[in-house]
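A.B. asks: Taken from TrEMBL, the feature domain 'HIT' covers 5-113. Residues annotated as motif 'Histidine triad motif' in TrEMBL: 98-102. Residues annotated as active site, tele-AMP-histidine intermediate in TrEMBL: HIS100.
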Amino acid sequence: MADCLFCKIAAGEIPCNKVYEDDDVLAFRDIAPKAPTHILIIPKKHIAHLADCTEEDAVLLAKIQLLAKLLADEEGIAKSGFRVVSNSGEDSGQEVAHLHYHLLGGKKLGDIC
Ligand code: 5GP
Ligand code: ZN
């Protein structure tokens, strides 16, 4: 989608610190990390937020959840604990209107994201 920051990152038009990529999803480090590990996982296709997802997206959403777990393993935070968060819509404080999941860990997590 034109004018979407994360679509531009997914298309390689804006650089990112990539940690994983395949045909469907991209994971990259948050530009303003709120924890030692702060990775964003996005679908490559534009979906504005979780509230817009349908049954058609079930496999994609499951894939993102499992990728979060895999990346937590790789980051060495699977045992110590981690959090996966997706803000959806205005009241959540969602800033970027392209579905994304925050993977956070590496410290005791308070009330963040
Ligand atoms: P939201 O508030 O929408 O759930 O989260 C958006 C996240 O995207 C924020 O944590 C913010 O730091 C991150 N972010 C915003 N712009 C960029 C960018 O250009 N590159 C990267 N890597 N992260 C970004
Ligand atoms: Zn987008």
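Using N, Cα and C of the backbone, Cβ positions are placed for all residues, glycine too.
So that I understand the layout, could you describe where these features sit and how close they are to other parts?
C.D. replies: The average pLDDT the prediction assigns to the domain 'HIT' (5-113) is 96.
When DSSP labels each residue, the motif 'Histidine triad motif' (98-102) comes out as 0 helix, 2 strand, 3 coil, counted as helix, strand and coil in that order.
Sequence-distant neighbours of HIS100 (active site, tele-AMP-histidine intermediate) (same chain, 6+ residues apart, CB-CB distance under 8 A): PHE6, LEU40, ILE41, ILE42, SER86.
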A.B. asks: Reported in the order helix, strand, coil, what are the DSSP residue counts of the domain 'HIT' (5-113)?
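C.D. replies: Helix, strand and coil residues of the domain 'HIT' (5-113) number 33 helix, 25 strand, 51 coil.
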